[in-house]
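Straight from Swiss-Prot, the features:
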DNA_BIND  172-231  DNA-binding region
COMPBIAS  31-44  compositional bias 'Low complexity'
COMPBIAS  133-142  compositional bias 'Basic and acidic residues'
CROSSLNK  Lys15  SUMO cross-link
CROSSLNK  Lys133  SUMO cross-link
REGION    18-55  region 'Disordered'
REGION    69-117  region 'Disordered'
REGION    133-174  region 'Disordered'
Amino acid sequence: MAPAADMTSLPLGVKVEDSAFGKPAGGGAGQAPSAAAATAAAMGADEEGAKPKVSPSLLPFSVEALMADHRKPGAKESALAPSEGVQAAGGSAQPLGVPPGSLGAPDAPSSPRPLGHFSVGGLLKLPEDALVKAESPEKPERTPWMQSPRFSPPPARRLSPPACTLRKHKTNRKPRTPFTTAQLLALERKFRQKQYLSIAERAEFSSSLSLTETQVKIWFQNRRAKAKRLQEAELEKLKMAAKPMLPPAAFGLSFPLGGPAAVAAAAGASLYGASGPFQRAALPVAPVGLYTAHVGYSMYHLT
């Protein structure tokens, strides 16, 4: 503390050379010890004033602090977590169980800790657009782990409309032969005469029409298939026309029409028509023997 020694030696009239060798400078031998004692006392007072006085009540885990937590709700949170304003001002939170001033000089303010991504201060410092989901149609930025191919979902495939399956023709397929009207009439006349031609007949007939034997053979095959389809259609029409049509009044009757019941009904109708004062026309009766089978039997076959 050289500056302090110079400041105290000037008012007391002590020279630097004399004080270095311990010789008094014209003031007597009794003034040097008193000046040194005063200087030491002043230095001790300055050091004591510079050291922070740590009271046991300020420690977070002292008995007084724990007792004060039970008395005052919310005191524990305020003692453990420093306020955001203190951190913003440059003050650093001391570790638990370590007195303040033991980690460094009390006068030099320590640098604030960097805020983590998931700490309370870090979440409060985030911008609003990071906390609120963006409503813009732009694609949000992805984190690095989402951009890796292992975690990113596969891109959506665009479903293309199914291609229309067309009939595949042979590459060596010959074009269809355009028959003339005279050729078609001659082929039809020959088909009506004979549906199957021998090899000699086919060769002679094809040469007369200026056609190949293969063309005549294929035409006869197609014509026979067409004739078969027409014949089956005619048979189906005949079967539909041959089905009997039942009268609507005969549903639910199990006795044969034209039997004794029909005769009795006809007799009763004739008597009923002649008995009254006014002549009434008799109801027409179905001829006897028209339907000889049971009605129920016919209905069974219709269903």
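Using N, Cα and C of the backbone, Cβ positions are placed for all residues, glycine too.
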Residue counts for the DNA-binding region (172-231) under DSSP, helix then strand then coil, are 42 helix, 0 strand, 18 coil
Confidence over the DNA-binding region (172-231), expressed as mean pLDDT on the 0 to 100 scale, is 91
